[in-house]
Each structure stands twice: as C-alpha cells, then as structure tokens.
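Here's the structure, in structure tokens; my notes come after.
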Amino acid sequence: MQELLAQYQSVAAPEVIKWVNVGKAIDFPENGGACIKYKNKQIAVFNFTRESHWYACQNLCPHKLEMVLSRGMIGDKEGIPKVACPMHKKTFSLKDGNNLNGEDYKIAVYPVKIESENVYIGFID
Amino acid sequence: MRKIVVVGNGMVGYKFCEKLMASPDRENFQVQVFGEEPSPAYDRVHLSEYFSEKGKNELLLAPRSWYEDNGIELRTSSLISEINTEKKEVVTYKGEKVSYEYLVIATGSSAFVPPIKGSEKTGVFVYRTTEDLDAIKTYAKKLQKKYKSKATVLGGGLLGLEAANAAKELGLETSVVEFAPRLMPRQLDEAGSNTLIGKIESLGIKILTNKATSKISGEEEIDALTFSDGSRHETDMLIISAGIRPRDELAKSSGLKTGERGGIFVNNKMETSAKDVYAIGEAALYNNAIYGLVAPGYNMAEVAVSQICGGDKTMAAHIDMSTQLKLIGTDVASFGDPFIENEEISAITYENKQSGIYKRINVSRDGKKLLGGILVGDASDYQNLFQIYINGMKLPENPEDLILGSRGGENTAMGSVTDLPDTAQICSCEAISKGDICKPLESGECCSMDDVVTKTKASTGCGGCKPMVTDLFNATMKSLGKEVKEVICEHFDFNRQEIFDLVKINKVQDFDEALNLFGKGHGCEKCKPVLASIFASITMETANKQVTIQDSNDKFLANIQRNGTYSIVPRIPGGEITPDKLMTIGAVAKKFDLYTKITGGQRIDLFGAELHQLPEIWKELIDAGFESGHAYGKSLRTVKSCVGSTWCRFGMHESVSFAIQIEERYRGLRSPHKLKGGVSGCIRECAEARGKDFGIIAVESGWNLYVCGNGGATPKHAILLAEGLDDETTIKYLDRFLMYYIRTAAPLMRTAPWLEKLDGGIEHLKKVVIEDSLGIAEDLEKEMQGLITNYECEWKQAIEDPEMMKRFKHFVNSDEGDDNISYVPLRDQKMPRAWT
Ligand code: SRM
Ligand SMILES: Cc1cc2nc3c(=O)[nH]c(=O)nc-3n(C[C@H](O)[C@H](O)[C@H](O)COP(=O)(O)OP(=O)(O)OC[C@H]3O[C@@H](n4cnc5c(N)ncnc54)[C@H](O)[C@@H]3O)c2cc1C
Ligand code: SF4
Ligand code: FES
C-alpha cells in the first residue's frame, strides 16, 4: 500500500521533463473532474471554469487509498481551490495538496497546461 | 532559557505542552519530550473509534509538525529508564544522558492484569494503546478465517464495556465477565446495573456477573475461562480490562516517594518528593488516589505549568469523578456520590422496565441540594443535573421534577443555561467555565460557534458538553441582540429556506447564477448539494442536469461503496415484484458478477459495479421495466408495506396497493433529507410505518396518518396527524405535509428533528395541513402536482443521451477500468478487500 502512495510525488512546473497529452479539453466537465491514466498512475484533472484554471492531482485518496478523488466535488475554502473526496469528504488544496481539515494527509499535485484545445499534464518520469 | 524535560507523551503530557505554549512565559523555556509509544500523543478517550472510522492520524492530539512549529523537541519510541535527581538528569533506554532544570513525569498507567494462571496465552489482550487494538483486530481476523468468533472481556467497568462494544463491532460474539455482582460497580447501584444489563444484552453482548476467573485454559491459544464456582466459559479470545496500575516504576527505582498501592506521590502543587520534579496524570497519586479520567489529569497539567512559571494555581481538594459512558446504543451516566444513603439523604428513583430507563437522584433531606445520581437508558438530563450538582444550585420545589419533568406546566424543571453562574464548569475535560465561553462572545472577540471552539477548546474532549455549549452560544448571542444565523457555508450568508425562496422568486436557473447573485467565492461540498436539492425540489430537474454540484452518490446515480465501486437498487414499489422481474435481477447480477442482498427497505441491492459498467447494467434493467430506486438520493426511498387485506386474515384495507400508489406518486421527489414511508394493513403494524417519515395504518374507519418518525441513529415514532381518512384525503394531507417540509427544513434535517424545531410543534403542523391556517394549502398541493407531473426516470434519461453518458468512464484517455479494485470471496459471493 505504501508503494502505491509513494508513486505520487508533486511536480512543480519548472521541473517538468515531459508534458503528456491526456485528452481534449471538452472531454472534461466544467467545474468538475475526470480521471486520466499515465503509465501506472491515475491522475485526477479538474477544469475549474469559475477560476479559469486547470488543476491535477493524484486520484488516490490518502485516507482509505481508493482511486476516487476525480469523482469529488471542487470548490474553495477562503479562496483556496480544493477538492472534497467523495468517500468521507476530506478536503485537499488543489494548489499544494495540503489537507484543509488540519489533518496530516497530503496529496501530490501536477502542473496542467492547455494548448490548442488539448490538455497536457507535466511529469518528471 | 530553562530546560523542561517531559517524560511521557500521552494525553496529559501533551496537555502540559499545550498549556505551556499558551503561557506568556513560554519564551523562557526550552522543552524536550520523551514518549515510549511510536506515535505522538493521541486521544485515548476515543481509542475505540480507531476500530471504526478513525485512522491513527485522526486520533492525534496534534500532528508531529505542531511540536516542530512550537520548538518542542519530541522523541517518540524513546523510553526513559532512569532519573538521577541529584545530578538533575534522565537516562534514555540507550544510555544517553539528558539534563533538566524541571522534570515532569506523565507516564500514565498500564492495564492491570490480575495474576490468573494462563494469562500469557496467545489470544489474551489488554485495551490501552493503538498497538493493542491493532493486535486485537489482526487476531480477530485470524479467528474469523478459522470460523471462530467468541470474544470475552474480563471486567465490566467503564472501559470493559467499551472494549466489549468494540469487540462486537468487529463481528465477534462477545461476553463480559464481571467479578462484582453488578456492572460498573463504581458508578451504578443494583437497579441501575440491572437496567444496563438488559440494555447491553439487547445489543447482543452477553453479561456474566458474580464470576471470579480462576484459570485461563488452552494449549497455546486460549480456549476457555474457568470460574471459581467450577463452571467453564468457552472463548477464542480474551480482553482484560480489570483496572489500571499507575506506571510508577521509573519514579520508584529512582527513589521518588510512591504510594503503597502504586502512584507517584504529589502535593497540591503537583510536586513530587524530589526538588523540581513534578508528576501529573494517571501516574500521580494525589489525595491518596489515582484518577482514571482525563479531566483531573488536564487540571494537573495546568497546575504544573502554573507552578513552573512561578504562578500559584493549585489542585482543588475534591476531584469530581462524574462520568458518562460513550457506548453506542446505551446511555449511562453517574455523577457526584451515586450511592450515599443515610438519614440526611433521600434518594428519588424512577424506573421503567419496559423502556429500560432507570434514574436516581440523591437529594439532601431539606430538599435544597443535589448530591449525586445515576442515569441509565436516558442520560439526556445529565448535563443539566451535573450543573445543578457541581454548582450547588437551588432545586425546584419538587425535586422529583428533575427526573420526571414537571408535569402540568409548560416550563421544564431545569431552568435555562442563562441561570448558571459564570463560574459553572461547562466542559470538564478542558476545564472551561460558562464565563470562558460567554465573555469572548460579549467582547466581540468570538463571533461564531467555530470561533468559540477554536479559542476555548470546549467540547473537543469527550464531546458530552457540546449541546450545552451550543445552548450557551445561542443564548448569549440572543441576549446581545445578535441573530444567530444558520448559514449554509462560507459562500452563502443564508439558510436553506431563504435560498429556496430566493431561487424560486428569482427563477434562478443554475448554481453559478445563484452564486453570482447571492453568494461569493466558488462554492464547496456543502452548498453545492444543498442547491442541487433546492433546484430539484422547485423544478424536478434530475441529477443529470447539473452534474458537478451533485453529492457523491447523486453524481453517478448510484451509491459509492467502500472500494469506489457502486451499488444498484432498482425501485420495487411496496416490495411487490413479479417472478419475471426477480429473474431479471438474478440474471443481471450473475452476468456482471454482483454481490446481491435483500435490503432493509424491501428491495434488492446489487453491489460491486464499476463506474463504467453502470450504464450497461441499467440498460438491461430498464429494458425489463425497472426504473431508478433513488437509493442514492436525498429523496423518496421506499414506501414499505405489509401484505394487508390482499392475503392477510387480519388486514383491514389493501396496504400493498396503497403503498405502491404512494411510492409511484412521490418517486424521485428530492427533499432536504431522505424520505421513507410505510403502509400497514392493521394496527399490528408489520410495515413498521410509525418508524417512517410518514406512516399510514389501516383502521376500521379508513387510514390513520402518522408523520415525522424515523429509524436510524435517533429513532422516533411518527406522531398521529389525522385519523380515519379516505385515500384521497390521505394523499392531500401528505402532499401538503411533504411540500411544507421540503420548503422549510434545514439541509440534511429529517422530518423528526424538523418537527422538533418547528414553532408550535405537531399542533401547528396539524393547523397548517388540516385547517390551512397559513392559507398556503392550495399552493403546496399545486407545487407538489407540478413536481409529480414532471417526473422522469433519471437513469433512462442518462443512458439515452451520449453527452450525459460521458461521466461514466473511469478514464478520459482509456477504456480500461480501475485496476486498484480487488475482492475477496464471501459465502459464494464476493466483497471488497478490507481497508488498511
Ligand atoms: C442497503 C441498505 C442496508 C441493507 O442492506 O439493508 C442501506 C444502506 C445504506 N444506508 Fe441505510 N440502508 C438501508 C436501509 C435503512 C433503513 C431501514 C428502512 O429503510 O426501513 C434505515 C432506518 C430507517 C430510517 O431511515 O429511518 C436506514 C438508516 C440509514 C441512515 C440513518 C438515517 C437517520 O435519519 O438517522 C443513514 C445515514 C443518512 O442517511 O444520513 C443511512 C445511510 C445508508 C447509506 C446510504 C450510507 C451511504 O451514504 O453510503 C448506505 C449505503 C449502502 C449502499 O450504498 O447501498 N441509512 N437505512 C438499506 C437500503 C434500503 C433500500 O432499499 O433503499
Ligand atoms: C479505551 C479507553 C477509554 C477511555 N475513556 C475515557 C473517558 O471516556 N473519559 C475519561 O475521562 N477518560 C477515559 N480514559 C482514560 C484516559 O485515556 C486517561 O485518563 C488519560 O489517557 C491519562 O493520560 P496520561 O497522560 O496520564 O496517560 P497516558 O495517556 O497513558 O500517557 C502516558 C504515556 O507515557 C508513556 N510512558 C510511560 N512510561 C514512560 C517512560 N518511562 N518513558 C517514556 N514514556 C513513557 C506511555 O507509553 C504513554 O504513551 C480512557 C482510557 C482508555 C484506555
Ligand atoms: S448499511 Fe447502513 S447501518 Fe449498515 S454500515 Fe452502511 S450506513 Fe451503517
Ligand atoms: S477515502 Fe477519501 S476521505 Fe476517506
């Protein structure tokens, strides 16, 4: 189980080695999320239309280790964009992956860019 | 900088650090903490929740980073094995020497294991740390694989009963063995214990009292207990909970004065016999006693901080030992002196064997003072009684009103929270008084309930005082002329009813529009589902229209399960189903390898469907004539029915036909919380209609209509609204009742708590529904009719529209499913692998 978690490490935009095309922008719901596969990773991608911004994070919820975060609801806490896990509603910042309920969980976040209507996610592997 | 070393990072050791950090003298000290356990201090009081929902992280009193941020050096997995009070240093188990200027010993206690032969056998546990619980859980799993399931708890005290409940929750067949003739012998009298035994046995836990265990038998693994009367009790596992022993070994071997029966001797400043060495918590022997509760320990921590910082706080001479048991399904509390009996005292008792309630209060002969008491089966008055006791408040003219409620008048015997003196202790875990809560509100330093909790920490311990803190908050705000507004969340400054009206009057179309018009920010998991429900209740729009604001289950029109798969519940109105349809369900379940179970709501649940399989499965069900059962929505679930006069020899009317008619009338109706109904063919009530939000029972003259009942966490029987109705009037009243509820209830508030909050209660509701006292009956009926006419099966809608179907793919960029899902076999079916 720990191995599963260890696969996911945050990537900052300047570190990106490879931008991966993960689909067309219109295939992602507005103000919602969907999941993509890259190698053996599952990544949740959010089209935060209200903020005109895209976010990506691991699909794995660190609480019970289920692949569900892309199915969660997004929103903000005092301006910080966040996702709420659909299982037990723990919430995570989409900016830095920190848990917003004051718990010790953290998720990995990835940079996203949109080019000619395609969605790209930045990886270092 | 002066250096403080703390030995023990348990609840009290942590509290010491917390209080020191909050002290203005904090800057003068350097703090180093040694804890034997691998994790930082956690909430032992809620240890049992570690089994159910909470992980280790959630139990932590503060994350490791808190210690870092506060400049405290915390070393876990570090036992201190020696203290040299001359040189003022401690020695770690590795032999490393650490010097101190002040030493605080907070080593707590360990579970007492009585000297019974065989207690070293495999399968014998104690119940104190998360490691103990891990070991118990692992062993229970091992047993279950071998089809063994008997667990026994030795000791029927507070902790023993909690351990028993936890064992039961693990799926074990559980018994409790108590040496004394009664349960919780330190808190309950005989009658109280008898009532409690009845309650606990009804939870499925067996109780054996008057049993002294003389031997634990078994080859390597335990297989039975033998009692001193010669009888034998078979068991596969034993959890010993026979009391605690203070961990004074370190202090003792280092020459500190300890008590004859254990415990580190301290005075009222928490000073031990050695200079600059303090002891606090369950390890400390104060007033010749060890206090096995966290509140006195927290008090000691505060005193020690004050003393070390040069203050003058001391421990009170009398320590209160009032307690409330946290067992689910049983209410037990005892306060003050529960037992006293002499000429000066009159004990007033109330016992109701049928409902399992026993109450006792001990009142001084002159009727002026409350000295203690016991509550079993219903402890809702505990906080009030405790306040009267601890503050020595005046009793009502007839003290029996305290446990019977005043009969006749409208007022309760308790008076109101505002009558309490400012010094009244409200939260005993954190030692927070009424003044501590009210003053920051009065000064404007705190404005919300959250502010109060963050500032004072009130109700963050055992949580028992939460209702009273809320009452105090509300009363104070009211007295300040501030409206206590229940708002939905940070994005909307309105309550549900206000938003309902705003959306309706302004004909708002979607969430974004609502947010732009009346809210701020981008919404969240609280306001989105509330608005989704409001839109549905006004226009009957299905969850397919605004997918991303739907709650977890509605979003995919199915209930998300433990492993991220979904369950499927087709509607089976009134529980009636043809053999053909039954075969379709069987065939579908077989084809997709779904776990199949009859639900508590008279229908069939198919579990284990992956996201991408949902549309295929529903297509087959819809082709066979099924429709969505809305088991995932805050909406009408089932209208349960008994077979009624169709077949039953006692039936007065056709309950099945009526139940089907009603279920089909309100199917898909979204509401503040879920809605359930029932129709019984006679007063034998086989459909349990009075346990539902609306219940209809056939009588000679027609139908009796009951409203606002539920099962679930706080069961309530529905209350009679009208009698002897014909079909048409029943439905008319139901339309009005349901629509009135949908318009006015708070989010996630079922009909019973809604009625409880409704000004004027059932009498008011009767007036609105039957006499149309508000003049809105016609509107309510019209609105309901509009919703009924617009009903559409949302699953049918979804599978017919390719755009809506997009959301049922696990990956946008691949057709594969989630490879993280795995199952284990279970009785010829399957279940998800366990969570780790
Ligand atoms: C499947 C079923 C258990 C079973 O195997 O029998 C069930 C399963 C769940 N119940 Fe239930 N309840 C089921 C009958 C009941 C009953 C019995 C009944 O309806 O007669 C009750 C008590 C009656 C009542 O509601 O008053 C019941 C009281 C609850 C409650 C407590 C409600 C309360 O007011 O206290 C919850 C929690 C909630 O809704 O917030 C709940 C919540 C749940 C949820 C939906 C939790 C969740 O959100 O995931 C469970 C989902 C499992 C799933 O995904 O399918 N379930 N649940 C039953 C489905 C009935 C159906 O056909 O739709
Ligand atoms: C299941 C359970 C339920 C409970 N429920 C309630 C309740 O409802 N209400 C209530 O008031 N109380 C309850 N309690 C009691 C409450 O948990 C204790 O009163 C409280 O934990 C005492 O705190 P403490 O810091 O003194 O001891 P502990 O929390 O036991 O902490 C002592 C720590 O010191 C460590 N230690 C010991 N010796 C050394 C050493 N030489 N070197 C380094 N570290 C050492 C121990 O490993 C331990 O981590 C419950 C207890 C249990 C087990
Ligand atoms: S089915 Fe109902 S009672 Fe059973 S575990 Fe789930 S929510 Fe609890
Ligand atoms: S699995 Fe995500 S919050 Fe529990």
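A Cβ is built for glycine as well, from the same backbone N, Cα and C atoms used for every other residue.
A TrEMBL annotation is a machine prediction, not a hand-curated record.
What TrEMBL says about this protein:
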- B:CYS642, B:CYS648, B:CYS682, B:CYS686: [4Fe-4S] cluster binding site (BINDING)
- B:CYS686: siroheme binding site (BINDING)
- B:3-305: domain 'FAD/NAD(P)-binding' (DOMAIN)
- B:322-385: domain 'NADH-rubredoxin oxidoreductase C-terminal' (DOMAIN)
- B:426-474: domain 'BFD-like [2Fe-2S]-binding' (DOMAIN)
- B:561-622: domain 'Nitrite/Sulfite reductase ferredoxin-like' (DOMAIN)
- B:633-772: domain 'Nitrite/sulphite reductase 4Fe-4S' (DOMAIN)
Of the listed stretches (B:3-305, B:322-385, B:426-474, B:633-772), which one yields the highest count of Cβ-Cβ distances below 8 Å with the domain 'Nitrite/Sulfite reductase ferredoxin-like' (B:561-622)?
B:633-772
So how many other Cβ atoms are close to B:CYS686 ([4Fe-4S] cluster binding site), meaning within 10 Å of its Cβ?
18
Between the binding-site residues B:CYS642, B:CYS648, B:CYS682, whose Cβ has more other Cβ atoms within 10 Å than any of the rest?
B:CYS642
Under DSSP, the domain 'NADH-rubredoxin oxidoreductase C-terminal' (B:322-385) has how many residues in helix, strand and coil?
4 helix, 31 strand, 29 coil
State the three-class DSSP label for B:CYS686 ([4Fe-4S] cluster binding site), counting H, G and I as helix, E and B as strand, and everything else as coil.
coil
Which whole-number mean pLDDT does the model give the domain 'NADH-rubredoxin oxidoreductase C-terminal' (B:322-385)?
84
The domain 'Nitrite/Sulfite reductase ferredoxin-like' (B:561-622): DSSP-derived helix, strand, coil residue counts:
28 helix, 14 strand, 20 coil
Under the DSSP assignment, what numbers of helix, strand and coil residues are found in the domain 'BFD-like [2Fe-2S]-binding' (B:426-474)?
26 helix, 4 strand, 19 coil
What does the DSSP secondary structure composition of the domain 'Nitrite/sulphite reductase 4Fe-4S' (B:633-772) look like, as residue counts for helix, strand and coil?
54 helix, 35 strand, 51 coil
